[in-house]
Structures are given as structure tokens and as C-alpha cells.
Amino acid sequence: MLAVSSHNLWIALAVTLAAGLATGLGSLMVVFAKKPNPRLLAFGLAFAGGAMVYVSLTEILNKSIAAFSQAYNDKLGFTFGTLTFLGGMLLIMVIDRLVPNPHQSLSSDDPQFREDNRAYIRRVGLMTAVAITAHNFPEGLATFFATLESPAVGMPLAFAIAIHNIPEGIAIAVPVYFATRNKFYAVGASLLSGLAEPVGAGIGYLALFSVLSDAVFGTVFGLISGVMVFLALDELLPAAKRYAQGHETVYGLVSGMGTLAISLVLFRFATP
């Protein structure tokens, strides 16, 4: 069993919790602020997508290959890393087919959101919360294990996931707020959904703690990299394109990749 630093463990839990609670920021935008700028939202979503794709392919997948290589040899390490990456995409693809995509939820501009249709709105809110909660479990695992192994990798990933969680908080808060007219319920529902990330991380860690090894880390990182790339391509970029009014998606994507690339270089120089 691999030794895990207690310092990294607490950092990983804190970072995962912070990323999950970003859903609350989205709900606050609904109940207290004006309608979000769609161009800024498009840029932010694409930025998060670019960051997630970059860190998944350049850092997390490479950590999977390195861990498998430590457990076996270089050829098998590359093979198993690639297979678990593809397995991660297949896994989240199945989940995505079984659970509705949270970014396809109705908005407050939808004609269905009328005062006399609160039962329908309440049902939409419940379905959205369940869908987003299900999607948050693998994101929590990704943030936690990436930070547990290397905070320099996990923190930028958590930042990208936090940006991604803001519109999810909006998606939950809109129907809940319209159905109940209660700000506390809207914010609370979003925060509870976000807590699925640290809960998922805790369950995953407890399940794997006794068997942590190079092979297990390789499997987890391979699956995480596949899941993150699929989520970025299937959820974040299409959602960004939907809000964009120009080239915000491309600019956000490139900015996200560039920012993550520079931050990882700086982390390398900052660590001894």
C-alpha cells in the first residue's frame, strides 16, 4: 500500500469541498444578482473546458502511465494508461446516457416558467438537482485524487471544475427559486448538490484506501483523465457555444489551455 501524506489528504479534501461549493455561487447569481452576461458565461465555460482538457491530457494521463509503468513496465504502463483513459470516457458516456445532461435544463426565459405552473417547475428543479449530483461524483473523485497525488495538478483542475459548477448552480437554483420564491431553498439546493463532490471523494478514498498501490493510482488517474476530457467536450464546450455571440468559445478554450500550461510551469519552478 502506498503511503499518503496527511498534509496532502487535508488539502485534497479542502480543495474538493471548495470546488463543489462553487455551485452556491451560481445560485447566488440567480437570487441576488442580475442575469449573467452570456458572453462572459460562454468564455468562462470554454475556459474551464480548455483547462480540463489540457491538464487531463498532459498531467493526469501521464501520471496514470507513470504509475502503471512503476507497477509493471513501460510498454504495459502506456497500454494500461491508454486503456483506462478510454475506459473513463466510456464510463461517463454510459452515465451521461442514463442521466440527463444538466446543461440542457430549462432557463427562466422558458415559457414553461409561469406562476401557474409551479408543479412543473418543481419537477424540473428536482430532476436537475439529481442529474447534477450524479455528474458531481466523478468530478469530486477527479479533484480529490489529483490533489492527493500532486496539489500542483489538483488545484488548477479544481479551479476549472469550480468554474464549471457555477452554471450548474444556476441550473438548479432557477427552477427551485421560481417554484418556491424562497432564496434559502434555492441556495440550499445548489449547495447540497455541490456537496456530492466531497462526498464522492470521501467514498472513493475509503473504498480504495486499503488497496492503494501504483496500479490503483494508475487506474484512478486513467479513468479520471477520460472522464474529464469527455465532460469538457460533451458538456462545457457545447454549453459555451450555446451562450456565445462571437468567438468567445475559441478564445476561452485557448485561454484555459494557456493559463493551465503557464500555471503548471510555474508550479514546477516553485517546487524543489
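The backbone N, Cα and C atoms fix where each Cβ goes, and this holds for glycine too.
In the shown protein chains, 32 other C-beta atoms lie within 10 A of the C-beta of GLU197 (Fe(2+) binding site). According to Swiss-Prot, the Fe(2+) binding site annotation covers ASN136, GLU139, ASN165, GLU168, GLU197.
Residues annotated as Zn(2+) binding site in Swiss-Prot: GLU139, HIS164, GLU168.
Here the transmembrane segment (11-31) has Cβ contacts under 8 Å with residues 108, 132, 136, 139-140, 143-145, 147-148, 151, 154-155, 158-159, 161-163, 165-174, 177, 183, 186-187, 189-191, 193-198, 201-202 of the same chain, all six or more residues outside its ends. Sequence annotations record features per position, and here Swiss-Prot assigns transmembrane segment to 11-31 (among others) based on sequence analysis.
Outside the transmembrane segment (40-60), and at least 6 residues removed from its termini, the chain residues within Cβ reach (under 8 Å) are 142, 146, 150, 153, 156-157, 159-161, 163-164, 166-167, 221, 224-226, 228-229, 231-233, 236-237, 239-245, 248-261, 264. Feature annotation from Swiss-Prot assigns transmembrane segment to 40-60 (among others).
Marked as transmembrane segment by Swiss-Prot: 76-96 (among others).
The transmembrane segment annotation in Swiss-Prot covers 126-146 (among others).
Swiss-Prot lists 158-178 (among others) with the feature transmembrane segment, giving sequence analysis as the kind of evidence.
Per Swiss-Prot, the feature transmembrane segment maps to 189-209 (among others); the stated evidence is sequence analysis.
As annotated by Swiss-Prot, transmembrane segment applies to 211-231 (among others), with the evidence given as sequence analysis.
Residues 42-55, 58-59, 152-153, 156, 160, 237, 240 of the same chain lie 6+ residues outside the transmembrane segment (250-270) yet bring a C-beta within less than 8 angstroms of a C-beta in it. If you look up Swiss-Prot, you'll see 250-270 (among others) marked as transmembrane segment.
The stretch in 126-146, 158-178, 189-209, 211-231 that contributes the largest number of Cβ pairs under 8 Å to the transmembrane segment (76-96) is 211-231. If you look at the transmembrane segment (189-209), the same-chain residues 6 or more away from its ends with a CB under 8 A from one of its CBs are 4, 12-13, 16-17, 19-24, 26-27, 125, 129, 132-134, 136-141, 143-145, 148, 161, 165, 168-169, 172-173, 176, 216, 220. Counting only the Cα atoms, the space from HIS164 (Zn(2+) binding site) to ASN136 (Fe(2+) binding site) is about 11 angstrom.
The Cβ of ASN165 (Fe(2+) binding site) has ALA19, GLY20, ALA22, THR23, LEU25, GLY26, ASN136, GLY194 as same-chain neighbours under 8 Å, each 6 or more residues away in sequence. Note on GLU139 (Fe(2+) binding site): other Cβ atoms within 10 Å of its Cβ, all shown chains, come to 31.
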